[in-house]
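Working notes, structure below.
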Amino acid sequence: MALVAHPSSPSHHRQSPLITRRTTYQRLNSSISQTTSLPQTNTSTKYQLPLLQQLTSLCQSKQSLPQALTFLQQQNPHHETLDSLQRKEAIGLLLQACGRYQDIETGREVHRMVASSTLFHNDVVITTRLITMYSMCDSPLDSRLVFDGLEKKNLFQWNAMVSGYSRNKLYEEALRAFIELVLQTDFKPDNFTFPCVIKACGGILDVRLGQGVHGMTAKLGLLGDVFVCNALIAFYGKCGLVDEAVKVFDFMSEKNLVSWNSMICVFAENGFAQEGLRLFSEMIKCEKSFVPDVASLVTILPVCAGEGNLEMGMVFHGLAVKLGLNQELMVKNALLDMYSKCGCLSHAKGLFDKDNNKNVVSWNTMIGGFATQGDARGTFYLLRKMQVEGREKTNEVTILNVLPVCLERSELLCLKELHAYSIRHGFHYDQLVANAFIAAYAKCGSLCSSQLMFNGMETKTVSSWNALIGGYAQNGAPRKALEFYLQMINSGIKPDRFSLGSLLLACSHMKSPRFGKEIHGYLIRIGLETDPFIVISLLSLYIRCGKSASARVLFEEMENKSLVSWNALIAGYSQNGLPDEALVLFRQMLSDGIQPDEISINSVFRACSQLSALRLGKEAHCYALKAYLAEDIFVGCSIIDMYAKSGCIEQARRVFEKSRNKDVALWNAIIVGYGLHGYGKEALGLFEKMLAFGMKPDGFTFVGILMACCHSGLVEEGLKYFNDMQNFHGITPKLEHYACIVDMLGRAGRLDESLRL
């Protein structure tokens, strides 16, 4: 909704109202109000009315706008003329259409026509429409040129300028224009000004400034205006101040559908899914019984997607069908997203295949759905199909959606192909895409490629530095991470919580508690010591540095211990050789009424594996089954690993066979289990069975295979699989693969061959 104060607004009676499409048709039906009636002229009405009607009709499509301009210039074959008011209306209609359809070329022609006439020199209506047209065509500079060229400016034109900047996300410029309006003119900002200003405050996430503007609206008596309140709700929601948004919503004496949609959106975007669903139900049942529109459904469906609530999502799908909104493109895309994120890809694909009206968002949503589920074949099939059909071109979001498949499989070749594709299409210039590739190469262990990508960037943001620093920190190169952190500081880039989190990770790898404490002190000085992400990084640092007492003190000092913080400490204990402490803390968590999740139980199984505590492991297995956690793939892997390391390989095999969803991680776990126990042939048999099931092995699979060959003395088989890994499966060997081969050859007394490797 354009929040520009046009003279057509019923709120402004000081200016002659601009005649809209609706009032034009009212004229044709001879039901014209006195304020919008045509002045009497000598021209015959027989020709005047069809002229405006034809012009209005031509303004309904972008393709007809040049024709509408020609029509206005020539008028009609009978050479009837429009008086000044009618001509002003016609020009206004055409400018409005140029803005709506973003036809800046036709808009410029209209501007030239207006400039060549002294009739509309400095006309409020026309100049306001020109400012708005240019801003809607993404050309705020042209808007400013029109604005600055005005001899006298009124509030409508100031509002158009503020709105234009806000619309084009030039939020600081919008606020600057607002300050000029307040300090340099006698005009009082109104209910058209403030929504744009409030939006600008939200755009730069300036809470204090937004609250100050909120105070101004209260002083000017505008808090009863529904548009101002809607803007405040959106602002507070964007800044994460949900309680403030609720206060504004509850204070409103009059709410429209946008008010309800905005409040539902605030709940949805800030993680209050249940409140969002409750409010949606309340909206339908309230006194006015608002009927949900496209915006309502597009807001509520992502809530179902985020919660994985397929049942509720299907209810809203049914509601969309009932309201006749299921064919709206935005609703269809939201449905695709909901079904994909709820794990119902077949249903999403059914909707996608049946629909001929797709845009790039539809394709990206579907590709992202397959990628998130780890379905590489489906992801690349859709990507190729999108290219072959050619109706919609891939964009930066497409690349970002495909990347998870490459990362999940740790396939460097696949990643390089995707990178080459993005270079051919110019997507690598996009900051988000470039940063994603830096992180992706690092995750695949190719730090050289990550570094080259970083070096080739013209503009390096804090996210770019974070991707590189994090990559080095996570891949066992902490000194490099520290080196680039210092380079970032020297280049004038201010570190954020993620930079500091990566720095703490680097310190933990270097086992440098002294340096870690210095960073901890710095975090206290800048007020980030209570940030959950930072606290978890600090816990990991102290535990890895052998300072478990310091970690426990830090944990106990936390006012609100979230499940994430419990998990961080339990995982830290189990990963750093303190399994007893991990199990003690897990029991404490249960006694405090905290419900464990998949991450908690994974750490417990790891601790049981280290202790070879079969009885405790079986108890944890029973708990996981009762809590419905055992169905998780990674929990299943941990259970198999626990039984295998406790000497119960048959029990591990039973868990594997009973698992419904056997993905590559589960196959890897059982193959490694057999390999560790010296059952090399059984491990190789499982590998062949895995291939027969159509599963694609990854780097971890071959670590298990090579380990099995090593422990069973199957040297020739090990060398064969090592070669197959590179030649047939396209997996680049890493340090751990070479370590297995060297160990295997060393045990077989073939040291010369191991040295050649």
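Each Cβ is built from the backbone N, Cα and C atoms, and glycine gets one as well.
Annotation source TrEMBL lists compositional bias 'Low complexity' at 1-10.
Residues or ranges marked as region 'Disordered' by TrEMBL: 1-21.
The repeat 'PPR' feature in TrEMBL is assigned to 154-189 (among others).
Residues of the same chain lying 6 or more positions beyond the ends of the repeat 'PPR' (225-259) and with a Cβ under 8 Å from any Cβ of it are 1, 3, 191-192, 194-196, 198-199, 201-202, 205, 207, 210, 214, 217, 265-267, 269-270, 272, 290-293, 295-296. For 225-259 (among others), the entry in TrEMBL reads repeat 'PPR'.
Sequence annotations record features per position, and here TrEMBL assigns repeat 'PPR' to 359-393 (among others). Per-residue confidence over the repeat 'PPR' (359-393) averages 87 (mean pLDDT, predicted model).
Counting only same-chain residues 6+ beyond the ends of the repeat 'PPR' (461-495), those with a CB under 8 A from a CB of the stretch are 431, 434-436, 438-439, 441-443, 445, 447, 450-451, 454, 501-503, 505-507, 509-510. Among the features that TrEMBL reports, repeat 'PPR' is placed at 461-495 (among others).
The list of residues near the repeat 'PPR' (562-596) in space but at least 6 beyond its ends in sequence, with Cβ under 8 angstroms from a Cβ of it, reads 532, 535-536, 539-540, 543-544, 546, 548, 551-552, 555, 602-604, 606-608, 610-611, 616, 627, 629. Per TrEMBL, the feature repeat 'PPR' maps to 562-596 (among others).
Long-range Cβ contacts of the repeat 'PPR' (663-697) within its own chain (Cβ-Cβ under 8 Å, at least 6 residues beyond either end) map to 374, 376, 409, 633-634, 636-637, 640-641, 643-645, 647, 649, 652-653, 656, 703-705, 707-714, 717, 721, 725, 729, 731. The feature repeat 'PPR' is assigned by TrEMBL to 663-697 (among others).
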What does the DSSP secondary structure composition of the repeat 'PPR' (225-259) look like, as residue counts for helix, strand and coil? 26 helix, 0 strand, 9 coil
